[in-house]
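Here is what Swiss-Prot says about this protein:
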BINDING   Gly91, Glu92, Pro93, Gly94, Ile95, Gly96, Lys97, Ser98  ATP binding site
REGION    345-444  region 'Lon-protease-like'
MOTIF     247-251  motif 'RadA KNRFG motif'
ZN_FING   10-27  zinc finger
Amino acid sequence: MGKNKTAYVCQECGYKSVKWLGKCPSCGEWNTLVEEFEPQSFSLVKKEPSLVLPVTDWEKEEHERETTGFESLDNALGGGLVKGQVILIAGEPGIGKSTLLLQISDRVANGKKVLYVSGEESGTQIALRAKRLGINNENLLVYPEVNLEKILQTLEKEKPSLLVLDSVQTIFSERLESSAGSVSQVREVTYRITEFCKEKNVPAFIVGQITKEGSIAGPKVLEHIVDTVLQFEGERFNFYRIVKVIKNRFGSTGEIAVFKMTDKGLEEVPEPSAFFISEKANAPGSVVFPHTEGSKPVLLEVQALVIPALYTTPQRRTQGFDPNRLALILAVLEKEAKIFTRDQDVFVNVAGGMSVKEPAADLAVAMAVVSSKKEKEVPKDFVIFGEVGLSGEIRAVHFGDLRLKEAKRFGFKKALIPKSLEIEIDGMEIYPVSHIQEAIEVLF
């Protein structure tokens, strides 16, 4: 092993410096650079040289998929777990990450061996939770340990079919002198666990904590090393949890799986669209929008509230929608449709805790604002989507036919869409519009 060297590493972003700095030049945070001792190289040397084969021969060794025991999660991952796949799952403390992984471990352990490595809880604590969840499986091995070298030795000995590491911030390597959870330790642990999983074809779930800003704690390289990144979201005092696929080398991103927290653990919600629009109120400011980020559209409720401004400067607040995009939409409404909100507070919310980034939501947000402003309901059997341009034009968006088919499946009979899409769906009335003023005239 090479001689250790000293570096000052930012604990927020992983930036390295040869000397201490008060402010990190990369992320701008203060007093985050900590002195760490690390080996000269983190390069991973293969025990055997890799094969050089034609791409067609590699395809013959195509990835076999293993189920997680949850159909909706399998679908979100692209069909299940791939051998050697390393999945990082991140979320707030207490949100239910360990509960979900314990349930997955139990379902995979039917006929296979699963190793659950816990750096946060004792074996007794995990056993108590397992009992509460009704888990009693001899193939589920629990190993409370924080030493990486001991964990790797146990993996070589037990040869599990699935590894769960809870969590990466609690594990340390003897190769480094820094404490567990430091940037260097997190990087080293992830590298070596990933190396083992790829070599032995063992899929793994690695739990990662998040920062107060909501991003994954640790260096960004952590997200690059793993194959898949899952974000586990939801309010701690709410029953529902959402797993979002942020990155996936073996499937599409943007997929979601919805779960309901019960006293017996997490239960999957097979129809996310039904969940997100189940409590929709027929009131001004409420619009249904068919959202698509992955392969399957999901119906979401977009809500807007327009009220007289309480202060000299009107407020613009959003939850789940880009505030800059809202500012653009309000400006277009004022110039092109004479809908003035300059002396009013405007609030926009995407119900259910979802975040929408695609411009296809523009028209839905605009119509929700107009609905609240005019205090007139949007007809309840309408779905709305389309991008709003600066001249008020309604621009085409992708997956228009899939969005409409999902809406029809849930009983929606009318749709306000961009005129340029030229889509017809049997059993649905399509209202194509080319300008935002046309859209307002159709609905109100």
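Yeah, the Cβs are placed from backbone N, Cα and C, and that goes for glycine too.
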Remaining residues near the recorded ATP site, that is with C-beta within 8 Å of the centroid of the site residues Gly91, Glu92, Pro93, Gly94, Ile95, Gly96, Lys97, Ser98: Phe232
C-beta crowding around Gly96 (ATP binding site), within 10 angstroms: 19
Residues of the zinc finger (10-27) by DSSP state, where helix covers H, G and I: 0 helix, 4 strand, 14 coil
Listed binding-site residues (Gly91, Pro93, Gly94), ranked by Cβ neighbours within 10 Å, top entry: Gly91
Per-region confidence, the zinc finger (10-27) (mean pLDDT, whole number): 83
In three-state DSSP terms, the structure that Lys97 (ATP binding site) belongs to: helix
Packing count at Ser98 (ATP binding site) (other Cβ atoms within 10 Å of its Cβ): 22
